[in-house]
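For reference, TrEMBL has these:
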- 19-28, N110, 137-138, R213, D251, N360: substrate binding site (BINDING)
- E174: active site (ACT_SITE)
- H249: active site (ACT_SITE)
- C366: active site, nucleophile (ACT_SITE)
Amino acid sequence: MKTREVNFDGLVGLTHHYAGLSFGNEASTRHQFRVSNPKLAAKQGLLKMKALADAGFAQGVIPPQERPNIPLLRQLGFSGTDAQIVERVAKQEPQLLSAVSSASSMWVANAATVCPSADSLDGKVHFTVANLNNKFHRASEAPTTENLLRAIFRNRDCFSVHSALPQVAMFGDEGAANHNRLGGAYGDPSVQLFVYGREEAKAGLVPARYPARQTLEASQAVARLNQVKPELLVYAQQNPTVIDQGVFHNDVIAVSNRQVLFAHEQAFLHQQALYAQLRDKVPGFTPIEVPADKVSVADAVGTYLFNSQLLSRDDGSMTLVLPEESRQHEGVWRYLNEMLGADNPVSELKVFDLRESMANGGGPACLRLRVVLNETEQKALNPAVMMNDTLFITLNNWVDRWYRDQLTQADLADPQLLREGREALDELTRILDLGSVYPFQQ
Ligand SMILES: NCCC[C@H](NC(=O)CCC(=O)O)C(=O)O
């Protein structure tokens, strides 16, 4: 076993639905109140995990969260039995029930920011849970995310999990979706590129229409908590004009792997200065920059070609894992095939149908958290979460037994959904050997 990147994918939860909760994420707004299919969503995700595991990539799974979030409704003044609370909130505030029922924890690129041991001062793998402060329905993910990460990365000699930053806009943090690691072999210390949307302390350029979710102050705090070696740190501001076109996270417009940065030419505010810095710090730095006259920002947002996974194969070549939407678009697909023929490490495209997640603004990269682990660390994590033939079958059967094949906002009022969810998750914690991680289990 060598040092590898292990991808952990979020398993879609039982309450996956389209609530239009994420202002600035145009897919979320566009698909509000559309009928969802939680069963299909979970299976599309499982198929991606299984296909990548079969292709030789290390693949784990992170379970969904308890929804609806009854403790949060109690905090907001609803009282009575759990079933009465669901009934009351459904009647009085249906949009609030939607928010506390969101399955948004599936997008684990926003679960935490990870620092591999090669990059940290104390030689441990660090995780800082993201506070997701910009969206109410997402901010509540943090405490359970912390429990889940502790249950998966449970060896304290190897792993250090930090709680989320304070829940204020000044420290708005969206996790690994705004973080890139660039370097040579996975086990070599590598540059950590923290991308932010605004700086709280300075009246600099900011988007005019949509929120900048991540602050520089948050990125700096995460870098401190994760003990990133100072010489490896690079900060860059996202281009505010692309945030205004629907690029709510940097991973909607850029993806990195080892020495390669695949990005749109308008991704960053001072892109050439950033490249100069990276050229200086990253041996063999290879930008693959996509010009706007080949792929517009609108097409990048529409097809999610940058929300792809760039994965290294054993021979050093790379596979780009894309959503079906990027194959459906003639111009984008042509560009991707040109890229295959050009002089760069990308030599394979793999396409997945992730339509259910995509309709809420989550592509292949949103669904995964990258964790670079050396041999000792791979052995130290909870082995029950690693994808293989048996786990794939077990989870598919579990989904078949518990998930509905259609769900609307009105269905959330059914207290049976709450009961089903808890029973299903209780069983899942046994399958994945997690112990008690959910509020209903404490
Ligand atoms: N990394 C992808 C995250 C997508 C996520 N969408 C949502 O939460 C949409 C939920 C809804 O509208 O039902 C977000 O915007 O943070």
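Quick reminder: no glycine exception, Cβ is built from N, Cα and C everywhere.
The two recorded residues E174 (active site) and F23 (substrate binding site) have their Cα atoms spaced 15 Å from each other. Cβ neighbour count for E174 (active site) (all protein chains, 10 Å cutoff from its Cβ): 31. Among the binding-site residues A27, N110, D251, residues whose Cβ is positioned under 6 Å from ligand 1 are identified as N110. On its own chain, D251 (substrate binding site) has A109, A176, A177, N178, F306, N307, A365, C366 as residues at least 6 apart in sequence with a Cβ closer than 8 Å to its own Cβ. Ranked by Cβ neighbours within 10 A across all protein chains shown, the binding-site residues A19, L21, A27 are led by A19. Spacing of R138 (substrate binding site) relative to H249 (active site) is 14 Å (Cα to Cα, whole number).
Across the structure, N25 (substrate binding site) and H249 (active site) place their CA atoms 9 angstrom apart. Neighbour density at the Cβ, taken as the number of other Cβ atoms within 10 Å, is lowest among the binding-site residues N25, N110 for N25.
Around H249 (active site), the C-beta neighbours below 8 angstroms that are at least 6 residues distant in the chain are A109, N110, E174, A177, N178, R213, Q214, C366. Around F23 (substrate binding site), the same-chain residues at least 6 positions away in sequence with a Cβ under 8 Å from its Cβ are T29, Y210, P211. Within 10 Å of the C-beta of C366 (active site, nucleophile) we count 27 further C-beta atoms, all protein chains included. Secondary structure from DSSP puts D251 (substrate binding site) in a helix.
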